[in-house]
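Peer 1: Quick paste from Swiss-Prot:
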- Q163, K337, R366, S367, K388: (2R)-2-phosphoglycerate binding site (BINDING)
- E205: active site, proton donor (ACT_SITE)
- D242, E285, D312: Mg(2+) binding site (BINDING)
- K337: active site, proton acceptor (ACT_SITE)
Amino acid sequence: MSAIVDIIGREVIDSRGNPTVECDVLLESGVMGRAAVPSGASTGSREAIELRDGDKSRYFGKGVLKACEHINTEISEAIMGLDANEQAFLDRTLIDLDGTENKARLGANATLAVSMAVAKAAAEESGLPLYRYFGGSGAMQMPVPMMNVINGGAHANNNLDLQEFMIIPVGAPSFREAIRYGAEVFHTLKKIINDKGLPTSVGDEGGFAPSVENHEAAIKLILQAIEQAGYEPGTQIALGLDCAASEFYKDGKYHLAGEGMTLSSADFTNLLGTWCDKYPIISIEDGMAENDWDGWATLTNALGKKVQLVGDDLFVTNTKILREGIQKNIANSILIKINQIGTLTETFAAIEMAKRAGYTAVISHRSGETEDSTIADIAVGTNSLQIKTGSMSRSDRMAKYNQLLRIEEDLGDIASYPGRGAFYNLK
């Protein structure tokens, strides 16, 4: 009864108004799984390939009809009749069918949509919530959210070079309370920004995008909001940064245009270290460019015992690259983005490899999202302990937070919120 009997790929629209791929998988029992894939703005050069049509007469070339056609033809032919419960076999079939290192032929947006839809159909037929289908009886840890409240870089049109300034409710007693902490700080920050006569419009991920004096001014705004909301910085709510440093790395230097600085890897490490000494920053993502492995080594040696150093563009959810990073003692955490690799099986392998090495795994959205909330179930199902899924606005972000609230309710008394314990990679 778990046999796949129909597969439909279609073009839908993401949170930025761009096309993306959605897939329906129908099983013999009549059960259906549906999944839609996200899309990034700042992307690592080694990510799996997102197949776009390139037809400038439709959506300025961003259409995904080719990817949908792949689903409706050769992918459908390859997996029709297979057992939806055999996720690893199905994903291997997709990988082999594509035949490239980076899913350039079929498109990672096509393979991922199918992979996710199959899992959701199998979970539905099993009568299990998706997180339980992924993780079994051991899935009971809620993730600590990293909430992007000020946007810069590729996610905003302001003078901030760093891409994300996040609040992390490490002192909350539960996920539900962590959401309350975040929402109250978000609304307080909105009032502070408004009172300064600055715009309170939000960026792609729901955070504010004010033009302020410099990066430290943005950090101080957030600290002010935390305190005015009645919380203690560092103890109850810590800070995180996503530098997205590849975006401003040119000719071997880091060009912070908003600061009027051009820095070497060592100098940028020193700047980040100074901020970590002055402010309660416990996580820095992509603190060096993806190809600056010497810079990553410098950063890890300097800060790796006291700050979570997350590789996003660095590792692109790829076990081959992660393995090399672990061997070279680069970073101490990996960001997990399902569309960077293109199947659930490969995603779970990256999470498991990170955990075995003592690295943390942070489940993440993309800047272009949909109402699909699968990453919430992945976070709990894999006991990944941390999630990045935007600010406290935009329904495409709230879809994930609301799913996590439902999961915590479903778990009841066995639900656990790790707080600062989610950062087990810090000494």
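Residue positions begin at 1 at the first shown residue.
Cβ coordinates come from backbone N, Cα and C, glycine included.
Can you walk me through where each of these features ends up in the structure?
Peer 2: S367 ((2R)-2-phosphoglycerate binding site) is surrounded by 24 other CB atoms, counting those within 10 A of its CB over all protein chains shown.
Spatially close to D312 (Mg(2+) binding site) yet at least six residues away along the chain are G44, D242, A244, E285, D286, I334, L335, K337, S364, judged by Cβ distances under 8 angstroms.
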Peer 1: Can you tell me the CA-to-CA distance separating E205 (active site, proton donor) and S367 ((2R)-2-phosphoglycerate binding site), as a whole number of Å?
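Peer 2: A Cα-Cα distance of 6 Å.
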Peer 1: Using a 10 Å cut-off on Cβ-Cβ distances across all protein chains shown, tell me which of the binding-site residues (K337, R366, K388) has the largest neighbour count.
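Peer 2: Sorting the candidates by Cβ neighbours within 10 Å, the top entry is K388.
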Peer 1: Please report the DSSP secondary structure of E285 (Mg(2+) binding site), reduced to three states.
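Peer 2: In the DSSP reduction, E285 (Mg(2+) binding site) maps to strand.
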Peer 1: How far apart, in Å, are the two Cα atoms that lie farthest from each other among Q163, K337, R366, S367, K388, the residues recorded as binding (2R)-2-phosphoglycerate?
Peer 2: 17
